[in-house]
Amino acid sequence: MGVPDAVRPKGLFNSIKFFVFCHSLLQLSQLLVSGYMKSSISTIERRYGLSSQKSGLLAAFNEVGNTVLIVFVSFFGSRVHRPRFIGGGALLAGVASLMMATPHFLSGKYDYGDDISSSSDNSSGLCQSESSSAAPLSNQSCQQQESPAQQVAYPLLLLAQLLLGVASVPIQPFGISYIDDHASRRNSPLYLGILLAVTSIGPAFGFITGSFMQRFYVDFDKLTKDQITLDSKDLRWVGAWWLGFLVASCLLFITAMPYFFFPRTMTREDSADNVESKPDSKQQTKPLQELSLLQFLKSFPRIALRTLRTPVYLLVVLAQVNLAALLSGLATFMAKFIENQFSQTTSFSTMMIGGVGIPMAVVGTVLGGALMRRFNLSVSGSSKLCTAAILLGMFFAMPMLLIGCPTQTVAGVFPPGTGALSCSSDCRCPQEAFNPVCGSDGVEFRSPCHAGCSSVQIDANNKVTNYTECRCVGGLGFALPGTCGSGCSHLLKPFMVLLALTSFIAAFSQTPSYMMILRSVPPEDKSLAVGVQYMLFRVLAFMPGPVLYGSVIDTTCILWGRKCGKTTSCQYYNLDRFRERFLGLQVVFVCGGLLCFLLTVVVLRRRAGRPELQPENNGGYELVNEHKATDDNKEKSSEI
């Protein structure tokens, strides 16, 4: 234990390659929780009656704790045992993941409204001239809805998300800086590309896990198989959203263990090639390490401003902020968009994101890092690669705005202005009823009661086959359980092809943009630059992004659900508005990122004739100061 790091024997825990492997597994597990949360957002929304704005806030709330503490990463990054802090954060993330599943065990059974097959007289939810028996059932349901366990579910989910954000503070910034400090200049882009690619698989696994878990009914642990009457195609279906969080917490506990065995520092790869820069870096970071915490907090605004005044750094970070805002909306609500736009189940929609969109982005990220290493791209070359990738990605993204179908006809709901149905006015249908049926004439109704159906046919498994004697349905006068759908399911394939191509091409910019940030600031500001970058990500993209997307989606709702006199989640959307506003907002962010990368190219062209852009001997490129000496920090700051 007393052996200095410099003379430690080369072993598994003194290898930066093994650290990259362990960190990839940890971030895969951590981001599995994040991806699983986003894959389950529409299910949680339906289970607890949330609006898209509230579910967006829930998805973004982990960024609150992260943003508050991310500043301290820059201060403690060079003076603490980074691997141990990473391990501690992983353990806290495991605890928070367990908390995410807690509301399920505190809440009662899921009440989805009029359950015909469980009624003793099989008349619940049908058109009845006298329905005095509905009141006691409604009151009983309201008592369960207003129970303390039900009311505490949303705040408990918010608290768990807050802890997940706190837990993630040291993981990625400390990991990236640790790798960049101990990897060779030539291998650093490759390691970073591998890390970003493997960690991108984390959300993919989260979505795939979510797709699998949502095939199980939410209360399968509380009900027998015969008591579960819904299937996954029913709009009221809620999957076992809580199960994946239990799995993820176990993975986080396991992947946290190796970090407590890594040394604080290790021998750098190809140290002979980096011997010139290493002492210089130590000399430059020494004054920062001598600052106290109070002095650091006082000087942080000045140091951050100095970093942000680096034009290349500022423009690249702003471009990443635009793309991060786009990603926050796509990851949180794209599965919901596919579910509504193309009449797919929640499980299948989630699988499309985790099985197609994210893997294509992973491949693009790996190839972006490989291109940088193969051609030894400079900061200028990286900016051109990013610009070309975003421009080509936007070319494939634009046609997605045109792929879709209008909203299906829903009697009394859409098209607007149809008003209440006179044919079922004497049925005394409860306003809260939601059990969609599709009439034989192709018109959808909110419930069998609204369709004027007075009888029902049930098979041997006690499941509804169809409703008959429906006075509001034309033609044969019967209705089938379930929605009629938008009629757009055949357009899902071309939509997913365009989405996959867009994800693949745009992901080429990820690794080059990260390397541009690391190479555009002085070595002593590297940790702080990463900290400021992630702080801006949270404040400008990951925190407001899901809430903004959720608010935009809520404006397209044409029928809100109601339970016990309170508004719950949306039941029907105007699909044209949903498509135009949801995808249109993403186009806006793509254009913002493209503009920032174009400006970066312009700035670097102006600098092309200056000596501050110099290739290093080992093939990497770095923006360095004209004056290497660091005795005059003010002169260096104004030069940056």
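Cβ atoms are placed via backbone N, Cα and C, with glycine included.
Bear in mind that TrEMBL entries carry predicted annotations, made automatically and left uncurated.
Pulled from TrEMBL:
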type     : residues : note
DOMAIN   : 15-608   : domain 'Major facilitator superfamily (MFS) profile'
TRANSMEM : 57-78    : transmembrane segment
TRANSMEM : 85-106   : transmembrane segment
TRANSMEM : 156-178  : transmembrane segment
TRANSMEM : 190-213  : transmembrane segment
TRANSMEM : 240-262  : transmembrane segment
TRANSMEM : 312-338  : transmembrane segment
TRANSMEM : 350-373  : transmembrane segment
TRANSMEM : 385-404  : transmembrane segment
DOMAIN   : 417-471  : domain 'Kazal-like'
TRANSMEM : 495-518  : transmembrane segment
TRANSMEM : 539-562  : transmembrane segment
TRANSMEM : 582-604  : transmembrane segment
REGION   : 615-640  : region 'Disordered'
COMPBIAS : 624-640  : compositional bias 'Basic and acidic residues'
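Stretch with the largest number of CB pairs closer than 8 A to the transmembrane segment (539-562), among 312-338, 350-373, 495-518: 312-338. In the predicted model, the domain 'Kazal-like' (417-471) shows an average pLDDT of 83. Of the candidate ranges 156-178, 312-338, 350-373, 495-518, 350-373 has the most C-beta pairs within less than 8 angstroms of the transmembrane segment (190-213). Using a Cβ-Cβ cut-off under 8 Å and counting only residues 6 or more beyond its ends in the same chain, the transmembrane segment (240-262) has close neighbours at 13, 19, 22, 25-26, 28-30, 32-33, 36, 40, 43-44, 47, 83-84, 86-88, 90-91, 93-95, 97-98, 100-101, 103-105, 206, 209-210, 213-214, 216-218, 220. Note: the domain 'Kazal-like' (417-471) comprises 6 helix, 18 strand, 31 coil (DSSP; helix = H, G, I, strand = E, B). Here the transmembrane segment (85-106) has Cβ contacts under 8 Å with residues 23, 26, 29-30, 33, 37, 48, 76, 149, 152-153, 156-157, 159-161, 163-164, 166-171, 174-175, 218, 241-243, 245-246, 248-250, 252-253, 255-260 of the same chain, all six or more residues outside its ends. Counting Cβ pairs under 8 Å that are 6 or more residues apart, the transmembrane segment (350-373) and the transmembrane segment (495-518) reach 3 or more and are in contact.
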